[in-house]
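One structure below.
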Amino acid sequence: MGVNAVHWFRKGLRLHDNPALRECIRGADTVRCVYILDPWFAGSSNVGINRWRFLLQCLEDLDANLRKLNSRLFVIRGQPADVFPRLFKEWNIAKLSIEYDSEPFGKERDAAIKKLASEAGVEVIVRISHTLYDLDKIIELNGGQPPLTYKRFQTLISRMEPLEMPVETITPEVMKKCTTPVFDDHDEKYGVPSLEELGFDTDGLPSAVWPGGETEALTRLERHLERKASVANFERPRMNANSLLASPTGLSPYLRFGCLSCRLFYFKLTDLYKKVKKNSSPPLSLYGQLLWREFFYTAATNNPRFDKMEGNPICVQIPWDKNPEALAKWAEGRTGFPWIDAIMTQLRQEGWIHHLARHAVACFLTRGDLWISWEEGMKVFEELLLDADWSVNAGSWMWLSCSSFFQQFFHCYCPVGFGRRTDPNGDYIRRYLPVLRGFPAKYIYDPWNAPESIQKAAKCIIGVNYPKPMVNHAEASRLNIERMKQIYQQLSRYRGLGLLATVPSNPNGNGNGGLMGYSPGESISGCGSTGGAQLGTGDGHTVVQSCTLGDSHSGTSGIQQQGYCQASSILHYAHGDNQQSHLLQAGRTALGTGISAGKRPNPEEETQSVGPKVQRQSTN
(Lines of atoms letter the chains of each structure in order from A and count residues from 1; the text may use other names and numbers.)
(Lines give C-alpha, C1' and ligand atoms only; values in the text may rest on other atoms or scores of the structure.)
Protein backbone atom coordinates (compact mmCIF):
# COMPACT_ATOMS: atom_id res chain seq x y z
CA MET A 1 0.00 0.00 0.00
CA GLY A 2 1.34 3.43 -0.94
CA VAL A 3 2.01 6.35 1.40
CA ASN A 4 -0.69 9.02 1.11
CA ALA A 5 0.18 12.50 2.37
CA VAL A 6 -1.58 15.82 2.89
CA HIS A 7 -0.03 19.27 3.13
CA TRP A 8 -2.24 21.80 4.90
CA PHE A 9 -1.79 25.38 3.65
CA ARG A 10 -2.69 28.23 6.04
CA LYS A 11 -0.16 31.01 5.63
CA GLY A 12 2.87 30.07 3.54
CA LEU A 13 0.82 30.15 0.31
CA ARG A 14 3.77 29.35 -1.95
CA LEU A 15 5.85 26.59 -3.52
CA HIS A 16 9.25 28.25 -3.00
CA ASP A 17 10.99 27.78 0.36
CA ASN A 18 8.31 25.47 1.71
CA PRO A 19 10.21 22.94 3.84
CA ALA A 20 7.08 21.30 5.26
CA LEU A 21 5.72 20.57 1.78
CA ARG A 22 9.07 19.23 0.56
CA GLU A 23 9.28 16.91 3.55
CA CYS A 24 5.70 15.82 2.94
CA ILE A 25 6.47 14.89 -0.67
CA ARG A 26 9.60 12.94 0.26
CA GLY A 27 8.71 9.26 0.42
CA ALA A 28 5.04 9.82 -0.43
CA ASP A 29 3.22 8.12 -3.28
CA THR A 30 0.34 10.60 -3.34
CA VAL A 31 0.10 14.13 -1.99
CA ARG A 32 -2.89 16.43 -1.74
CA CYS A 33 -2.49 20.11 -0.89
CA VAL A 34 -5.49 21.41 1.05
CA TYR A 35 -6.74 24.77 2.23
CA ILE A 36 -9.62 24.72 4.71
CA LEU A 37 -12.09 27.56 4.32
CA ASP A 38 -14.94 28.18 6.70
CA PRO A 39 -17.78 29.80 4.69
CA TRP A 40 -19.48 30.90 7.92
CA PHE A 41 -16.31 32.73 8.93
CA ALA A 42 -16.35 34.67 5.66
CA GLY A 43 -19.74 36.13 6.46
CA SER A 44 -19.19 36.83 10.13
CA SER A 45 -15.53 37.76 10.58
CA ASN A 46 -14.04 41.21 10.83
CA VAL A 47 -12.25 40.88 7.48
CA GLY A 48 -13.09 43.19 4.60
CA ILE A 49 -13.63 42.43 0.94
CA ASN A 50 -10.13 43.51 -0.18
CA ARG A 51 -8.46 41.05 2.18
CA TRP A 52 -10.78 38.24 1.09
CA ARG A 53 -10.11 39.02 -2.56
CA PHE A 54 -6.36 38.99 -1.93
CA LEU A 55 -6.62 35.60 -0.21
CA LEU A 56 -8.73 34.09 -3.00
CA GLN A 57 -6.26 35.38 -5.60
CA CYS A 58 -3.45 33.76 -3.60
CA LEU A 59 -5.33 30.47 -3.65
CA GLU A 60 -6.06 30.74 -7.39
CA ASP A 61 -2.39 31.40 -8.09
CA LEU A 62 -1.34 28.50 -5.87
CA ASP A 63 -3.74 26.19 -7.70
CA ALA A 64 -2.38 27.38 -11.06
CA ASN A 65 1.19 26.68 -9.96
CA LEU A 66 0.23 23.26 -8.61
CA ARG A 67 -1.37 22.45 -11.99
CA LYS A 68 2.09 22.89 -13.55
CA LEU A 69 3.19 20.04 -11.27
CA ASN A 70 0.22 17.88 -12.36
CA SER A 71 -1.39 18.58 -9.00
CA ARG A 72 -4.23 20.74 -7.70
CA LEU A 73 -5.24 22.69 -4.62
CA PHE A 74 -8.12 21.19 -2.63
CA VAL A 75 -10.18 23.97 -1.02
CA ILE A 76 -12.34 22.28 1.60
CA ARG A 77 -15.25 23.96 3.38
CA GLY A 78 -15.55 23.43 7.10
CA GLN A 79 -13.65 23.51 10.39
CA PRO A 80 -10.24 21.76 10.61
CA ALA A 81 -11.28 19.69 13.64
CA ASP A 82 -14.29 18.39 11.66
CA VAL A 83 -12.56 18.05 8.29
CA PHE A 84 -9.39 16.13 9.14
CA PRO A 85 -10.85 13.02 10.82
CA ARG A 86 -12.93 12.53 7.67
CA LEU A 87 -9.98 13.12 5.32
CA PHE A 88 -7.69 10.81 7.28
CA LYS A 89 -10.14 7.95 6.68
CA GLU A 90 -11.43 8.87 3.22
CA TRP A 91 -7.95 9.38 1.73
CA ASN A 92 -6.18 6.81 3.92
CA ILE A 93 -3.63 9.41 5.03
CA ALA A 94 -0.29 8.40 6.55
CA LYS A 95 1.27 11.82 7.09
CA LEU A 96 0.22 15.45 7.40
CA SER A 97 2.58 18.43 7.00
CA ILE A 98 2.08 21.99 8.21
CA GLU A 99 4.06 25.20 8.51
CA TYR A 100 4.61 26.12 12.16
CA ASP A 101 2.20 28.80 13.37
CA SER A 102 3.67 30.82 16.23
CA GLU A 103 0.52 32.69 17.22
CA PRO A 104 -1.37 31.48 20.32
CA PHE A 105 -4.60 30.68 18.47
CA GLY A 106 -2.68 28.77 15.81
CA LYS A 107 -0.73 26.77 18.37
CA GLU A 108 -3.95 25.79 20.14
CA ARG A 109 -5.61 24.79 16.86
CA ASP A 110 -2.60 22.77 15.73
CA ALA A 111 -2.33 20.96 19.07
CA ALA A 112 -5.92 19.77 18.61
CA ILE A 113 -5.22 18.57 15.06
CA LYS A 114 -2.04 16.77 16.16
CA LYS A 115 -4.10 14.92 18.76
CA LEU A 116 -6.64 13.87 16.12
CA ALA A 117 -3.81 12.81 13.82
CA SER A 118 -2.18 10.76 16.56
CA GLU A 119 -5.47 8.99 17.26
CA ALA A 120 -5.73 8.18 13.54
CA GLY A 121 -2.13 6.98 13.31
CA VAL A 122 -1.09 9.91 11.10
CA GLU A 123 2.44 11.31 11.32
CA VAL A 124 2.55 15.12 11.61
CA ILE A 125 5.46 17.06 10.08
CA VAL A 126 5.97 20.65 11.29
CA ARG A 127 8.58 23.03 9.87
CA ILE A 128 9.34 26.69 10.59
CA SER A 129 9.21 28.95 7.53
CA HIS A 130 6.91 31.90 8.28
CA THR A 131 9.56 33.45 10.55
CA LEU A 132 13.31 33.71 10.18
CA TYR A 133 14.04 32.22 13.59
CA ASP A 134 12.71 29.62 15.97
CA LEU A 135 10.94 32.03 18.33
CA ASP A 136 11.00 29.57 21.22
CA LYS A 137 14.80 29.52 21.05
CA ILE A 138 14.91 33.32 21.26
CA ILE A 139 12.71 33.19 24.36
CA GLU A 140 14.79 30.37 25.86
CA LEU A 141 17.94 32.42 25.29
CA ASN A 142 16.28 35.28 27.18
CA GLY A 143 15.62 33.20 30.28
CA GLY A 144 12.15 32.06 29.30
CA GLN A 145 10.67 35.54 28.67
CA PRO A 146 10.19 37.30 25.33
CA PRO A 147 12.45 40.34 24.86
CA LEU A 148 10.41 43.53 25.10
CA THR A 149 12.96 45.95 23.71
CA TYR A 150 14.23 45.89 20.17
CA LYS A 151 17.83 46.28 21.28
CA ARG A 152 17.55 43.25 23.53
CA PHE A 153 15.97 41.33 20.65
CA GLN A 154 18.89 42.28 18.38
CA THR A 155 21.36 41.14 21.04
CA LEU A 156 19.65 37.77 21.29
CA ILE A 157 19.48 37.05 17.57
CA SER A 158 23.15 38.00 17.23
CA ARG A 159 23.86 35.00 19.48
CA MET A 160 21.71 32.62 17.42
CA GLU A 161 23.02 30.15 14.87
CA PRO A 162 23.23 31.53 11.30
CA LEU A 163 19.95 31.36 9.42
CA GLU A 164 19.30 28.33 7.24
CA MET A 165 19.13 28.97 3.52
CA PRO A 166 15.72 28.75 1.82
CA VAL A 167 14.88 25.29 0.52
CA GLU A 168 14.50 24.76 -3.22
CA THR A 169 11.22 25.41 -4.97
CA ILE A 170 8.89 22.47 -5.55
CA THR A 171 9.44 21.46 -9.19
CA PRO A 172 8.18 18.66 -11.46
CA GLU A 173 11.46 16.90 -10.70
CA VAL A 174 10.68 16.96 -6.97
CA MET A 175 7.14 15.71 -7.65
CA LYS A 176 8.03 13.07 -10.23
CA LYS A 177 7.51 10.08 -7.91
CA CYS A 178 4.45 11.58 -6.28
CA THR A 179 0.99 11.96 -7.83
CA THR A 180 -2.19 13.80 -6.88
CA PRO A 181 -5.51 12.01 -7.39
CA VAL A 182 -7.70 14.50 -9.28
CA PHE A 183 -11.17 13.75 -10.66
CA ASP A 184 -13.42 15.49 -13.17
CA ASP A 185 -15.58 17.07 -10.47
CA HIS A 186 -12.57 18.64 -8.72
CA ASP A 187 -13.56 22.26 -9.43
CA GLU A 188 -17.09 21.62 -8.27
CA LYS A 189 -16.00 19.95 -5.02
CA TYR A 190 -12.66 21.58 -4.27
CA GLY A 191 -12.36 24.70 -6.44
CA VAL A 192 -11.46 28.16 -5.15
CA PRO A 193 -14.74 29.99 -4.43
CA SER A 194 -15.60 33.43 -5.75
CA LEU A 195 -16.30 36.46 -3.61
CA GLU A 196 -19.95 36.16 -4.60
CA GLU A 197 -20.07 32.57 -3.35
CA LEU A 198 -18.79 33.82 -0.01
CA GLY A 199 -21.64 36.32 0.14
CA PHE A 200 -19.86 39.52 -0.90
CA ASP A 201 -21.48 42.12 -3.14
CA THR A 202 -18.91 42.92 -5.84
CA ASP A 203 -20.96 45.51 -7.74
CA GLY A 204 -18.76 48.56 -8.23
CA LEU A 205 -15.69 46.85 -6.73
CA PRO A 206 -12.63 48.41 -8.40
CA SER A 207 -9.82 46.24 -9.70
CA ALA A 208 -7.23 45.15 -7.16
CA VAL A 209 -4.32 47.54 -6.60
CA TRP A 210 -2.46 44.63 -4.96
CA PRO A 211 -3.01 41.37 -6.89
CA GLY A 212 -2.54 38.34 -4.65
CA GLY A 213 -0.35 35.31 -5.18
CA GLU A 214 3.17 33.89 -5.22
CA THR A 215 3.72 34.73 -8.89
CA GLU A 216 3.06 38.42 -8.26
CA ALA A 217 5.15 38.31 -5.08
CA LEU A 218 8.24 36.99 -6.84
CA THR A 219 7.85 39.52 -9.65
CA ARG A 220 7.66 42.32 -7.10
CA LEU A 221 10.68 40.98 -5.24
CA GLU A 222 12.79 41.18 -8.40
CA ARG A 223 11.55 44.73 -9.07
CA HIS A 224 12.31 45.66 -5.47
CA LEU A 225 15.87 44.37 -5.73
CA GLU A 226 16.41 45.92 -9.17
CA ARG A 227 15.36 49.30 -7.80
CA LYS A 228 17.77 49.01 -4.89
CA ALA A 229 20.59 47.92 -7.18
CA SER A 230 19.96 50.78 -9.61
CA VAL A 231 20.27 53.44 -6.91
CA ALA A 232 22.84 51.46 -4.87
CA ASN A 233 21.09 52.78 -1.80
CA PHE A 234 20.22 50.61 1.18
CA GLU A 235 19.21 53.39 3.53
CA ARG A 236 15.64 54.12 4.49
CA PRO A 237 14.02 55.96 1.57
CA ARG A 238 12.96 59.53 2.24
CA MET A 239 9.23 60.06 2.33
CA ASN A 240 7.63 62.18 -0.37
CA ALA A 241 4.28 62.52 -2.11
CA ASN A 242 4.88 59.46 -4.32
CA SER A 243 5.65 57.34 -1.25
CA LEU A 244 2.01 57.63 -0.22
CA LEU A 245 0.78 55.69 -3.25
CA ALA A 246 0.85 51.91 -3.67
CA SER A 247 4.17 50.83 -5.16
CA PRO A 248 4.70 48.01 -7.69
CA THR A 249 7.65 46.97 -5.52
CA GLY A 250 5.71 46.81 -2.24
CA LEU A 251 5.95 43.44 -0.49
CA SER A 252 4.20 43.62 2.88
CA PRO A 253 0.90 41.85 1.96
CA TYR A 254 2.87 39.05 0.32
CA LEU A 255 4.96 38.48 3.43
CA ARG A 256 1.79 38.52 5.52
CA PHE A 257 0.11 35.73 3.53
CA GLY A 258 3.35 33.86 2.98
CA CYS A 259 3.25 34.27 -0.81
CA LEU A 260 6.82 35.46 -0.33
CA SER A 261 9.28 33.71 1.95
CA CYS A 262 10.87 35.99 4.51
CA ARG A 263 14.04 33.88 4.27
CA LEU A 264 14.22 34.29 0.51
CA PHE A 265 13.82 38.06 0.93
CA TYR A 266 16.50 38.07 3.65
CA PHE A 267 19.10 36.22 1.59
CA LYS A 268 18.32 38.09 -1.63
CA LEU A 269 18.91 41.36 0.23
CA THR A 270 22.13 39.98 1.68
CA ASP A 271 23.44 38.87 -1.71
CA LEU A 272 22.58 42.19 -3.35
CA TYR A 273 24.21 44.19 -0.55
CA LYS A 274 27.44 42.18 -0.77
CA LYS A 275 27.48 42.55 -4.55
CA VAL A 276 26.96 46.32 -4.48
CA LYS A 277 29.10 46.98 -1.41
CA LYS A 278 31.91 44.63 -2.47
CA ASN A 279 31.40 41.90 0.12
CA SER A 280 31.15 44.19 3.14
CA SER A 281 29.07 42.77 5.99
CA PRO A 282 25.43 43.93 5.90
CA PRO A 283 24.17 45.89 8.92
CA LEU A 284 21.14 44.63 10.85
CA SER A 285 19.27 47.70 9.64
CA LEU A 286 19.21 46.17 6.16
CA TYR A 287 16.65 43.67 7.41
CA GLY A 288 14.57 46.17 9.35
CA GLN A 289 11.09 45.17 8.23
CA LEU A 290 11.81 41.49 8.67
CA LEU A 291 13.35 41.90 12.13
CA TRP A 292 10.56 44.13 13.45
CA ARG A 293 8.08 41.55 12.23
CA GLU A 294 10.10 38.90 14.04
CA PHE A 295 10.27 41.04 17.20
CA PHE A 296 6.48 41.35 17.42
CA TYR A 297 5.98 37.66 16.66
CA THR A 298 8.32 36.80 19.52
CA ALA A 299 6.56 39.17 21.93
CA ALA A 300 3.16 37.68 21.06
CA THR A 301 3.79 33.96 20.74
CA ASN A 302 3.06 33.03 24.37
CA ASN A 303 0.58 35.82 25.11
CA PRO A 304 -2.98 34.99 24.02
CA ARG A 305 -4.08 38.43 25.34
CA PHE A 306 -1.57 40.27 23.16
CA ASP A 307 -4.38 41.91 21.17
CA LYS A 308 -6.24 43.07 24.30
CA MET A 309 -5.57 45.74 26.91
CA GLU A 310 -7.25 43.96 29.80
CA GLY A 311 -5.35 40.91 30.99
CA ASN A 312 -2.34 41.72 28.83
CA PRO A 313 0.77 41.66 31.06
CA ILE A 314 2.79 44.03 28.88
CA CYS A 315 0.08 46.64 28.25
CA VAL A 316 -0.44 49.78 30.31
CA GLN A 317 -4.06 50.00 31.46
CA ILE A 318 -4.96 53.43 30.10
CA PRO A 319 -8.51 54.72 30.78
CA TRP A 320 -9.39 55.44 27.17
CA ASP A 321 -12.68 57.14 26.30
CA LYS A 322 -15.53 55.23 24.68
CA ASN A 323 -16.90 57.33 21.83
CA PRO A 324 -18.58 55.30 19.05
CA GLU A 325 -19.50 58.41 17.07
CA ALA A 326 -15.93 59.70 17.01
CA LEU A 327 -14.59 56.23 16.20
CA ALA A 328 -16.96 55.94 13.23
CA LYS A 329 -15.89 59.34 11.88
CA TRP A 330 -12.24 58.26 12.06
CA ALA A 331 -12.85 54.85 10.49
CA GLU A 332 -14.98 56.26 7.67
CA GLY A 333 -12.75 59.23 6.87
CA ARG A 334 -15.11 61.92 8.18
CA THR A 335 -12.92 63.66 10.77
CA GLY A 336 -12.80 66.99 8.93
CA PHE A 337 -9.00 66.76 8.66
CA PRO A 338 -8.22 66.09 4.97
CA TRP A 339 -4.89 64.39 5.72
CA ILE A 340 -6.51 61.88 8.08
CA ASP A 341 -9.58 61.38 5.90
CA ALA A 342 -7.55 60.82 2.72
CA ILE A 343 -5.48 58.15 4.47
CA MET A 344 -8.52 56.32 5.79
CA THR A 345 -10.18 56.55 2.36
CA GLN A 346 -7.13 55.03 0.67
CA LEU A 347 -7.07 52.27 3.29
CA ARG A 348 -10.73 51.41 2.70
CA GLN A 349 -10.42 51.53 -1.09
CA GLU A 350 -7.07 49.81 -1.62
CA GLY A 351 -6.20 47.91 1.54
CA TRP A 352 -2.84 49.58 2.06
CA ILE A 353 -1.37 52.85 3.36
CA HIS A 354 2.22 54.02 3.83
CA HIS A 355 3.75 53.20 7.21
CA LEU A 356 3.96 56.86 8.23
CA ALA A 357 0.36 57.38 7.19
CA ARG A 358 -0.41 54.55 9.63
CA HIS A 359 1.48 56.47 12.29
CA ALA A 360 -0.59 59.57 11.62
CA VAL A 361 -4.03 57.98 11.83
CA ALA A 362 -3.11 55.78 14.80
CA CYS A 363 -1.80 58.75 16.76
CA PHE A 364 -4.91 60.78 15.87
CA LEU A 365 -7.24 58.05 17.13
CA THR A 366 -5.39 57.31 20.37
CA ARG A 367 -3.04 59.57 22.28
CA GLY A 368 -3.01 62.45 19.79
CA ASP A 369 -6.58 63.67 19.44
CA LEU A 370 -9.50 61.32 20.10
CA TRP A 371 -8.20 59.37 23.13
CA ILE A 372 -9.89 56.19 21.91
CA SER A 373 -8.41 52.76 22.67
CA TRP A 374 -5.83 51.27 20.36
CA GLU A 375 -7.94 48.09 20.37
CA GLU A 376 -10.59 49.86 18.29
CA GLY A 377 -8.06 51.04 15.73
CA MET A 378 -6.51 47.60 15.58
CA LYS A 379 -9.91 46.10 14.68
CA VAL A 380 -10.38 48.56 11.82
CA PHE A 381 -6.92 47.77 10.46
CA GLU A 382 -7.65 44.05 10.82
CA GLU A 383 -10.71 44.53 8.63
CA LEU A 384 -9.18 46.74 5.96
CA LEU A 385 -5.41 46.30 5.83
CA LEU A 386 -4.09 43.62 3.48
CA ASP A 387 -0.93 43.11 5.51
CA ALA A 388 -2.69 43.17 8.90
CA ASP A 389 -1.08 40.44 10.95
CA TRP A 390 -2.30 39.51 14.43
CA SER A 391 1.06 39.92 16.17
CA VAL A 392 2.39 42.88 14.22
CA ASN A 393 -0.92 44.74 14.11
CA ALA A 394 -1.55 44.49 17.86
CA GLY A 395 2.06 45.17 18.78
CA SER A 396 2.23 48.21 16.56
CA TRP A 397 -0.98 49.71 17.94
CA MET A 398 0.22 49.20 21.51
CA TRP A 399 3.45 50.82 20.50
CA LEU A 400 2.16 53.97 18.86
CA SER A 401 -0.52 54.50 21.49
CA CYS A 402 2.26 54.40 24.11
CA SER A 403 0.64 51.37 25.73
CA SER A 404 3.78 49.23 25.47
CA PHE A 405 7.29 48.97 24.05
CA PHE A 406 8.06 52.71 24.07
CA GLN A 407 6.67 55.80 25.69
CA GLN A 408 7.48 58.91 23.65
CA PHE A 409 4.08 60.39 24.28
CA PHE A 410 5.38 63.93 23.93
CA HIS A 411 5.65 63.45 20.16
CA CYS A 412 2.35 64.17 18.47
CA TYR A 413 1.66 63.97 14.75
CA CYS A 414 -0.06 67.09 13.52
CA PRO A 415 -3.01 66.23 11.23
CA VAL A 416 -2.26 69.36 9.19
CA GLY A 417 1.49 69.97 9.21
CA PHE A 418 2.60 66.38 8.65
CA GLY A 419 0.73 66.01 5.37
CA ARG A 420 1.63 69.50 4.21
CA ARG A 421 5.34 68.79 4.59
CA THR A 422 5.02 65.43 2.85
CA ASP A 423 2.93 66.57 -0.12
CA PRO A 424 2.92 70.40 -0.21
CA ASN A 425 0.77 70.59 -3.33
CA GLY A 426 -1.96 68.36 -1.88
CA ASP A 427 -2.17 65.95 -4.82
CA TYR A 428 -2.72 63.02 -2.43
CA ILE A 429 -5.70 64.82 -0.87
CA ARG A 430 -7.22 65.55 -4.29
CA ARG A 431 -6.81 61.93 -5.35
CA TYR A 432 -8.71 60.43 -2.42
CA LEU A 433 -10.97 63.34 -1.48
CA PRO A 434 -12.17 64.73 -4.82
CA VAL A 435 -14.65 66.98 -3.00
CA LEU A 436 -11.63 69.11 -2.00
CA ARG A 437 -10.06 69.09 -5.46
CA GLY A 438 -10.87 72.74 -6.08
CA PHE A 439 -8.98 74.10 -3.05
CA PRO A 440 -5.60 75.74 -3.63
CA ALA A 441 -2.60 74.11 -1.96
CA LYS A 442 -2.55 76.85 0.66
CA TYR A 443 -5.84 75.68 2.17
CA ILE A 444 -6.20 72.05 1.14
CA TYR A 445 -4.92 70.70 4.47
CA ASP A 446 -6.99 73.13 6.56
CA PRO A 447 -9.91 74.11 4.30
CA TRP A 448 -11.91 75.47 7.25
CA ASN A 449 -9.46 78.38 7.30
CA ALA A 450 -10.20 79.26 3.67
CA PRO A 451 -12.22 82.46 3.16
CA GLU A 452 -15.80 81.96 2.07
CA SER A 453 -14.92 83.14 -1.44
CA ILE A 454 -12.29 80.39 -1.78
CA GLN A 455 -14.73 77.76 -0.53
CA LYS A 456 -17.36 78.89 -3.02
CA ALA A 457 -14.84 78.90 -5.86
CA ALA A 458 -13.84 75.35 -4.86
CA LYS A 459 -17.54 74.37 -4.84
CA CYS A 460 -17.06 72.97 -1.37
CA ILE A 461 -18.46 74.71 1.70
CA ILE A 462 -16.91 73.42 4.91
CA GLY A 463 -19.64 72.15 7.20
CA VAL A 464 -21.90 71.46 4.21
CA ASN A 465 -19.98 69.57 1.51
CA TYR A 466 -17.11 68.49 3.75
CA PRO A 467 -17.21 68.28 7.56
CA LYS A 468 -15.69 70.75 9.95
CA PRO A 469 -12.80 69.41 12.07
CA MET A 470 -14.19 67.15 14.79
CA VAL A 471 -11.67 68.37 17.38
CA ASN A 472 -9.40 71.30 18.03
CA HIS A 473 -6.05 69.59 17.57
CA ALA A 474 -4.04 72.07 19.62
CA GLU A 475 -6.27 71.72 22.67
CA ALA A 476 -6.76 67.97 22.30
CA SER A 477 -3.05 67.23 21.96
CA ARG A 478 -2.17 69.43 24.95
CA LEU A 479 -4.73 67.66 27.11
CA ASN A 480 -3.70 64.19 25.96
CA ILE A 481 0.01 64.79 26.47
CA GLU A 482 -0.85 65.86 30.01
CA ARG A 483 -2.94 62.73 30.49
CA MET A 484 -0.09 60.50 29.33
CA LYS A 485 2.39 62.40 31.47
CA GLN A 486 0.29 61.75 34.56
CA ILE A 487 -0.13 58.07 33.71
CA TYR A 488 3.56 57.46 33.23
CA GLN A 489 4.61 59.49 36.25
CA GLN A 490 2.30 57.38 38.36
CA LEU A 491 3.37 54.14 36.71
CA SER A 492 7.01 55.07 37.18
CA ARG A 493 6.52 55.58 40.92
CA TYR A 494 4.47 52.42 41.20
CA ARG A 495 7.07 50.21 39.59
CA GLY A 496 10.14 51.98 40.86
CA LEU A 497 11.55 51.90 37.35
CA GLY A 498 12.59 54.62 34.92
CA LEU A 499 9.74 54.09 32.52
CA LEU A 500 9.39 57.61 31.19
CA ALA A 501 11.09 58.45 27.95
CA THR A 502 14.00 60.87 28.06
CA VAL A 503 14.60 63.84 25.79
CA PRO A 504 15.61 62.74 22.28
CA SER A 505 19.14 63.69 21.28
CA ASN A 506 17.75 65.11 18.05
CA PRO A 507 15.72 68.24 18.86
CA ASN A 508 13.27 67.35 16.10
CA GLY A 509 12.67 63.99 17.69
CA ASN A 510 13.50 62.11 14.50
CA GLY A 511 14.70 58.56 14.68
CA ASN A 512 12.46 56.87 17.21
CA GLY A 513 9.06 55.25 17.10
CA GLY A 514 7.31 53.30 14.44
CA LEU A 515 3.98 51.75 13.53
CA MET A 516 3.50 48.44 11.75
CA GLY A 517 7.12 47.64 12.45
CA TYR A 518 8.04 48.37 8.86
CA SER A 519 10.04 51.51 9.04
CA PRO A 520 11.75 53.88 11.37
CA GLY A 521 9.27 56.17 12.95
CA GLU A 522 10.26 59.56 11.79
CA SER A 523 8.64 61.42 14.63
CA ILE A 524 7.13 64.31 12.80
CA SER A 525 6.91 67.75 14.32
CA GLY A 526 3.49 69.22 14.79
CA CYS A 527 1.68 72.07 13.15
CA GLY A 528 4.04 74.80 14.12
CA SER A 529 4.26 76.00 17.69
CA THR A 530 5.94 73.94 20.37
CA GLY A 531 5.45 73.86 24.05
CA GLY A 532 7.39 72.30 26.87
CA ALA A 533 6.36 69.89 29.56
CA GLN A 534 8.40 69.08 32.62
CA LEU A 535 8.27 65.35 33.08
CA GLY A 536 9.48 63.50 36.13
CA THR A 537 11.48 60.37 35.36
CA GLY A 538 11.53 57.26 37.45
CA ASP A 539 14.92 58.10 38.98
CA GLY A 540 13.73 61.40 40.44
CA HIS A 541 15.19 63.68 37.78
CA THR A 542 13.15 66.25 35.93
CA VAL A 543 13.68 66.91 32.25
CA VAL A 544 12.09 69.41 29.91
CA GLN A 545 10.42 67.68 27.01
CA SER A 546 9.75 69.35 23.70
CA CYS A 547 6.01 68.91 23.11
CA THR A 548 4.99 69.72 19.58
CA LEU A 549 1.44 70.85 19.97
CA GLY A 550 0.44 72.63 16.80
CA ASP A 551 -1.48 75.70 15.74
CA SER A 552 -4.96 76.25 16.96
CA HIS A 553 -7.55 76.09 14.21
CA SER A 554 -8.58 79.66 13.81
CA GLY A 555 -12.05 80.24 12.54
CA THR A 556 -13.41 76.96 13.90
CA SER A 557 -15.66 78.10 16.67
CA GLY A 558 -18.16 75.52 17.72
CA ILE A 559 -15.91 72.52 17.03
CA GLN A 560 -16.97 69.73 19.32
CA GLN A 561 -14.33 68.59 21.76
CA GLN A 562 -15.36 64.97 21.56
CA GLY A 563 -13.80 62.47 23.88
CA TYR A 564 -12.23 64.87 26.37
CA CYS A 565 -14.86 65.41 29.03
CA GLN A 566 -13.23 62.90 31.38
CA ALA A 567 -9.83 64.57 31.60
CA SER A 568 -9.99 64.87 35.37
CA SER A 569 -10.38 61.12 35.71
CA ILE A 570 -6.73 60.61 34.96
CA LEU A 571 -5.23 63.68 36.59
CA HIS A 572 -5.99 62.49 40.11
CA TYR A 573 -3.62 59.55 39.71
CA ALA A 574 -0.71 61.83 40.47
CA HIS A 575 -1.98 62.54 43.97
CA GLY A 576 -2.28 59.14 45.55
CA ASP A 577 -0.93 55.63 45.26
CA ASN A 578 -4.21 53.84 45.82
CA GLN A 579 -5.13 54.04 42.12
CA GLN A 580 -1.93 52.58 40.74
CA SER A 581 -3.17 49.10 39.98
CA HIS A 582 -5.38 50.54 37.22
CA LEU A 583 -2.32 51.40 35.18
CA LEU A 584 -0.43 48.15 35.02
CA GLN A 585 -1.79 44.99 36.52
CA ALA A 586 -0.13 44.10 39.80
CA GLY A 587 2.04 41.02 39.80
CA ARG A 588 2.63 41.27 36.06
CA THR A 589 5.81 41.87 34.15
CA ALA A 590 7.18 45.40 34.31
CA LEU A 591 6.53 47.32 31.12
CA GLY A 592 9.21 47.33 28.50
CA THR A 593 11.80 45.38 30.48
CA GLY A 594 10.68 41.84 31.11
CA ILE A 595 11.89 42.33 34.70
CA SER A 596 9.66 41.47 37.64
CA ALA A 597 8.49 44.29 39.88
CA GLY A 598 11.01 45.21 42.54
CA LYS A 599 14.08 44.20 40.52
CA ARG A 600 16.27 46.71 38.77
CA PRO A 601 16.65 46.16 35.04
CA ASN A 602 20.12 45.64 33.68
CA PRO A 603 21.72 48.77 32.18
CA GLU A 604 21.13 47.66 28.61
CA GLU A 605 17.39 47.25 29.09
CA GLU A 606 16.91 50.25 31.34
CA THR A 607 17.92 52.64 28.59
CA GLN A 608 15.48 51.28 26.05
CA SER A 609 12.33 53.10 27.09
CA VAL A 610 13.12 55.81 24.56
CA GLY A 611 12.43 53.33 21.78
CA PRO A 612 14.86 51.70 19.39
CA LYS A 613 17.20 53.76 17.27
CA VAL A 614 17.63 51.70 14.15
CA GLN A 615 17.39 52.36 10.45
CA ARG A 616 14.60 50.16 9.19
CA GLN A 617 14.38 48.94 5.65
CA SER A 618 10.94 49.59 4.25
CA THR A 619 9.48 47.27 1.64
CA ASN A 620 6.48 49.43 0.92
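Any Cβ shown, glycine's included, is placed from N, Cα and C.
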Range annotated as motif 'LIR 7' - as stated in Swiss-Prot, picked from 160-164, 335-339, 580-584: 335-339
Further FAD ligand in Swiss-Prot, beside Gln289, His355, Asp387, Ala388, Asp389, within candidate set Ser252, Ser261, Ser373, Ser404: Ser252
The annotated motif 'LIR 11' range in Swiss-Prot, which must be one of 88-93, 94-99, 430-435, 436-441: 430-435
Cβ packing number for Gln289 (FAD binding site), 10 Å threshold: 25
Cβ-Cβ under 8 Å with the motif 'LIR 2' (82-87): same-chain residues at least 6 beyond its ends: 6, 34, 36, 76, 93, 96, 113, 116-117, 120
Around the Cβ of Ala388 (FAD binding site), the count of other Cβ atoms that are within 10 Å: 24
Tally of DSSP helical, extended and coil residues in the motif 'LIR 10' (411-416): 0 helix, 0 strand, 6 coil
Set of same-chain residues at least 6 away whose C-beta sits under 8 angstroms from Asp389 (FAD binding site): Arg256, Arg293
The motif 'LIR 2' (82-87): DSSP-derived helix, strand, coil residue counts: 6 helix, 0 strand, 0 coil
